[in-house]
Amino acid sequence: MFWNLVAVNYERYHLHHLAKIGVLIVYSFLGAGLFMLCEAEHEKSTKNEENMRVLRTSIAAKQVFVHRLQVMYHSAGGANSSEFSETKLRRVLSEYDAAMGITIDSKMTTRWDIWGGLYYAGTIYTTIGYGDLAAVTLWGRVCTMLYAMIGIPIVINILNDWGNMLFYFVDHFWQNIGRPWVQKLRAKLRWRRKVQSLEEGSIDKTPLMETSTPPPNADGTRPIPLLLVIIVLFFWMTQCVAYFAYFENWTLFESVYFFFISMTTIGFGDFTPSHSVALEYLFNQIVQRIENDFKTTLSVAAEESRKKSIGVSEFGSIDPSKKKTMRTEGDVATKYSENMEMGNK
């Protein structure tokens with residue numbers, strides 16, 4: 001019953017748009033888990049080896065430095081050796097290492113967690129490829145190539161689908177709301193100009209309804225003005241630039257530069273986002289929105305099916321032919337809702 005309802009309303013409510021986004025999200029999480037499996041342990045072992053190398057180098061350098069300082073101190077005539085505190089000198093050297101950034105990562109933090117994997121997967125199928133996070137193991141690189149072969153066509157299909165849908169909504173908004181509003185505003189401005197010219201004694205021969213709009217399309221609709229497209233692009237760019245400037249502590253120019261490099265999929269990698277909280281919030285919001293929309297659509301479809309099954313019209317009246325059936329078979333609506341609740345549980 002549930003899957004039949006999904007199949008019937010899949011195309012009716014255009015769920016294929018949400019289904020494609022759902023496929024991309026699932027594919028992203030699968031890629032994140034796969035890359036974590038291939039790269040996380042290797043990164044940890046590499047960091048451990050690097051920490052041991054830094055530790056051995058630091059200890060050896062300190063020993064040589066302290067020994068040479070002792071020799072120089074005694075050769076200079078330092079009679080009282082108690083004045084030479086080796087412990088204090090080593091402490092000063094440790095503080096110097098910390099100030100120079102020569103530290104050991106004791107927490108063994110790794111970039112190949114779930115959010116690092118999602119970030120890497122996103123740079124693959126969007127073809128940006130910043131390069132700040134890349135696979136180094138053999139299986140990680142093999143999985144990267146296979147992942148790109150599947151992910152890039154998926155993203156191209158989604159961009160085409162959602163691009164057409166976005167163009168439809170923008171065009172619908174312009175034809176039904178934006179263009180009439182602009183025409184009314186122009187008519188008011190011309191009327192005021194007419195009144196002002198009459199008060200000044202001059203005559204404005206421009207018709208009140210004259211417009212400088214481009215010629216209509218074949219279907220009679222007016223094309224979207226280029227200025228409106230530029231305004232929408234500028235608004236979107238402003239939102240993204242403000243976001244990166246706030247979360248990444250970048251300057252305005254750095255945010256604009258990163259936006260342009262990412263939008264054109266150049267992806268040099270000299271500027272890359274490092275704030276993971278916003279990424280977590282974004283994915284949570286996307287998943288929650290898809291889940292809510294899907295549940296709402298199914299609830300509406302279930303309610304319509306229930307009304308049709310008991311003969312209730314859209315105005316709330318009951319079909320007389322269904323009343324006798326309802327008396328003999330009981331409350332069908334109650335039974336149907338109980339069955340739906342049991343199915344959901």
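A Cβ is built for glycine as well, from the same backbone N, Cα and C atoms used for every other residue.
Since the structure is predicted, the reported quantities are computational estimates derived from the model, not experimental observations.
Here the transmembrane segment (20-38) has Cβ contacts under 8 Å with residues 112-118, 120-122, 124-125, 135, 137, 139-140, 143-144, 147, 150-151, 154-155, 157-158, 161-162, 283, 286-287, 290 of the same chain, all six or more residues outside its ends. The feature transmembrane segment is assigned by TrEMBL to 20-38 (among others).
As annotated by TrEMBL, domain 'Potassium channel' applies to 103-167 (among others).
Counting residues 6+ beyond its ends, the transmembrane segment (117-139) has Cβ neighbours under 8 Å at 24, 27-29, 31-36, 38-39, 42, 111, 147-148, 151-152, 154-155, 262, 265-269, 272-273, 279, 283 in the same chain. Marked as transmembrane segment by TrEMBL: 117-139 (among others).
For 145-170 (among others), the entry in TrEMBL reads transmembrane segment.
Residues or ranges marked as transmembrane segment in TrEMBL: 226-246 (among others). Here the transmembrane segment (226-246) has Cβ contacts under 8 Å with residues 170, 174, 178, 252, 254-256, 258-259, 273, 278 of the same chain, all six or more residues outside its ends.
If you look up TrEMBL, you'll see 231-276 (among others) marked as domain 'Potassium channel'. Here the domain 'Potassium channel' (231-276) is broken down by DSSP into helix, strand and coil counts: 30 helix, 0 strand, 16 coil.
Long-range contacts of the transmembrane segment (252-271) within its own chain (CB-CB distance under 8 A, at least 6 residues past either end) are made by residues 123, 126-132, 237, 240-242, 244-245. Annotation source TrEMBL lists transmembrane segment at 252-271 (among others).
Marked as region 'Disordered' by TrEMBL: 318-345.
Annotated compositional bias 'Basic and acidic residues' per TrEMBL: 320-332, in sequence order.
Per-residue pLDDT, averaged over the domain 'Potassium channel' (231-276), rounds to 87. For the transmembrane segment (145-170), same-chain residues at least 6 beyond its ends with a Cβ under 8 Å from one of its own Cβ atoms are 16-17, 20-21, 23-24, 27, 31, 34, 121, 124-127, 224, 228, 232.
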